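Engineer: Sequence annotations record features per position, and here TrEMBL assigns active site, pros-phosphohistidine intermediate to HIS115. Residues annotated as ATP binding site in TrEMBL: LYS9, PHE57, ARG85, THR91, ARG102, ASN112. What TrEMBL lists as domain 'Nucleoside diphosphate kinase-like' is 1-137.
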Amino acid sequence: MQQTLSIIKPDAVKKGVIGKIIDRFESNGLRVAAAKKIKLSKCDAKAFYAIHSQRPFFNDLVDFMTSGPVVVMVLEGENAVAKNRELMGATNPKEATPGTIRADFADSIDANAVHGSDSLENAKNEIAFFFSSREIC
Ligand code: GDP
C-alpha cells in the first residue's frame with residue numbers, strides 16, 4: 001500500500017468536475033484517505049513548488065495555483081504514486097493519452113486540472129505539507 005498527494009487544481013474546481021475526477025481515482029483502486037478544499041496563499045504555492053523556483057513559468061504557476069480554491073487529497077492504494085500519475089496523463093494535456101484526466105478535463109499546460117506526487121519520497125513530503133497524521137484515515 002502506498003499513499004500519494006493529489007491536488008484538483010483551480011481550473012477543474014471552477015469547471016465543477018471535482019466529482020468526475022474523484023470517480024477516476026475511486027474506480028481505479030485509489031481510496032480517498034483525506035480531502036479538503038482550500039485556497040492556497042502565495043507563500044503556500046511558492047513553498048510547495050519550490051523545486052521549480054528557477055523555471056521561467058514559476059510566477060505563472062504560483063499565480064494560477066492561487067487563483068481559486070483547490071482540493072487536496074491523500075490517495076491510498078497499491079502503487080498509488082504511479083497509478084495516480086497514469087490516471088492523470090502527461091503534464092501537457094495536448095500530449096496526454098485519451099481517457100486520462102488531463103486529456104479529458106485540462107485546457108493547457110498551465111491549467112492542467114491535477115497535480116500528483118512524482119515519487120514516493122515526494123509523496124511523503126507533500127502529504128506532510130498539507131495534512132497532519134490525524135487527518136488521514
Ligand atoms: P507535473 O508533475 O506533471 O504536474 O509537472 P511538473 O512537476 O514538471 O510541473 C509542475 C507544474 O508546472 C505542471 O503541472 C504545469 O502546470 C507547470 N509546468 C510545467 N512545465 C511547464 C512549462 O514548460 N510551461 C508552463 N507554462 N507550465 C509548466
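Cβ from N, Cα, C; glycine included.
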Engineer: Counting other Cβ atoms within 10 Å, pick out the least crowded of the binding-site residues LYS9, ARG85, ARG102.
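Structural biologist: Taking LYS9, ARG85, ARG102 as the binding-site residues, the minimal 10 Å Cβ count falls on ARG85.
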Engineer: Please check the binding-site residues PHE57, ARG85, THR91 against ligand 1 and give me the ones with CB under 6 A, sequence order.
Structural biologist: PHE57, THR91
Engineer: What is the biggest Cα to Cα gap, in Å, among LYS9, PHE57, ARG85, THR91, ARG102, ASN112, the residues listed as binding ATP?
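Structural biologist: This binding site's residues have a maximal Cα-Cα distance of 21 Å.
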Engineer: Within 10 Å of the Cβ of the residue listed as 'active site, pros-phosphohistidine intermediate', how many other Cβ atoms can you find? Include all protein chains, please.
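Structural biologist: That number is 20.
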Engineer: Reduced to three states, what secondary structure does DSSP give THR91 (ATP binding site)?
Structural biologist: coil
Engineer: Filter the binding-site residues LYS9, PHE57, ARG85, THR91 down to those whose C-alpha lies within 10 angstroms of the C-alpha of HIS115 (active site, pros-phosphohistidine intermediate); answer none if the list is empty.
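Structural biologist: Close binding-site residues: LYS9, ARG85, THR91.
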Engineer: Return the count of C-beta atoms lying within 10 angstroms of the C-beta of THR91 (ATP binding site), excluding that atom itself.
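Structural biologist: THR91 (ATP binding site): 12 neighbouring Cβ atoms within 10 Å.
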